[in-house]
């Protein structure tokens, strides 16, 4: 039963990530089909972090009403959002507004998708499976964003800027039809997930799987006081929020970033796809390793962020090949981006487990809600600046190695503790 609950939640997270990243990989095609500007493309990605503004309301709902009510509300918002994007209207201005509204509603599903995995794993899984369950539930959202890099460029053709006027108009209509095919398909998938969740998604198992799952947690107000007064938590929260926020914004406009170095829309899609898929696979493997060998979370994060700092520096210097004279090839771009995605994305479930261990008995949803809110705040600020400085993107690339290096220093100074693990292992025995 616990694996079925995890599967339903993971599918919901996958769909939310897929819908959020629908437009970045096909931004050139979307410009021609719907008349989107650079501001529109950045705003379509920006609706994700904007949807985190009512994050604390979803955290309260998760803490007070439980997992089932929160997940049903989240999936219903996604049904409304994907449905709005499919409304057939001929006026392009109205169509663009409907698409923006749909992306906003999908963004409102983000807080549950990103914050609930540790809560779900504690509620349904024993101590020797928790990190694995957290990794699967949290990584599937990233995998959905990765599949958008694959689905979009493969289904939607890139525009042909050199075609005659009549052929260009025919190409625009064809591109629009293919984009609408993607939108209708995503709407159908979300409706199926909502129906399955409505049919079966129990709030908790009949018996708690661990001592931590059955223990009393702090109240909503006391939890915030505990979090904001805990310097160790604030340190590790910044170590997560800054680089992951920068990387999420960077991934959302990867096609825009790689266009100046003459990388096609399809190649940019494959680079984004494999960078996130690699991170998902390694993240689940790392979490399984953490379940077997406990008390090693800080060491794992140090290794991951050392690799992230090196790979992000490699990518940034490669894009400046006119100055650094490093070879700018498809192989180097693939290798640096994939390694960066592997190191950063695989750190997410490890961070989540470390957050919960550090501030236990603060509820898992509140703890992860605060850090994901900070991460989306950093991503939103970067995308906001991107809308004004989209003609020069080299500064965005330099944000990656700088944020990874800062995070590495914060993790190095962090003193880890495992309060929840102590309760499950020592007290239960």
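Every residue gets a Cβ built from N, Cα and C, even glycine.
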Worksheet item: Which stretch does TrEMBL mark as transmembrane segment, out of 69-88, 89-108?
Response: 69-88
Discussion item. Take the C-beta pairs under 8 A between the transmembrane segment (41-62) and each of 69-88, 231-250, 270-287, 333-356. Which stretch has the highest count?
Written reply: 69-88
Worksheet item: So which residues does the transmembrane segment (231-250) touch in its own chain, when a touch means Cβ under 8 Å and the partner is 6 or more beyond its ends?
Response: 45, 48-49, 257, 301, 305, 308, 340-341, 344-345, 347-348, 351, 354-355, 358-359, 367, 370-372, 374-380, 382-383, 386, 396-397, 399-400, 403-404, 406-407, 410-411, 413-415, 417
Discussion item. Can you work out which residues elsewhere in the same chain, 6+ from the ends of the transmembrane segment (69-88), have a Cβ less than 8 Å from its Cβ atoms?
Written reply: 8-9, 12, 15-16, 19, 58, 61-62, 98-99, 101-106, 108-109, 112-113, 116, 180, 183-184, 186-187, 190-191, 193-194, 197-198, 201, 203
Worksheet item: Of the stretches 270-287, 299-317, 333-356, which racks up the most C-beta pairs under 8 Å with the transmembrane segment (395-414)?
Response: 299-317
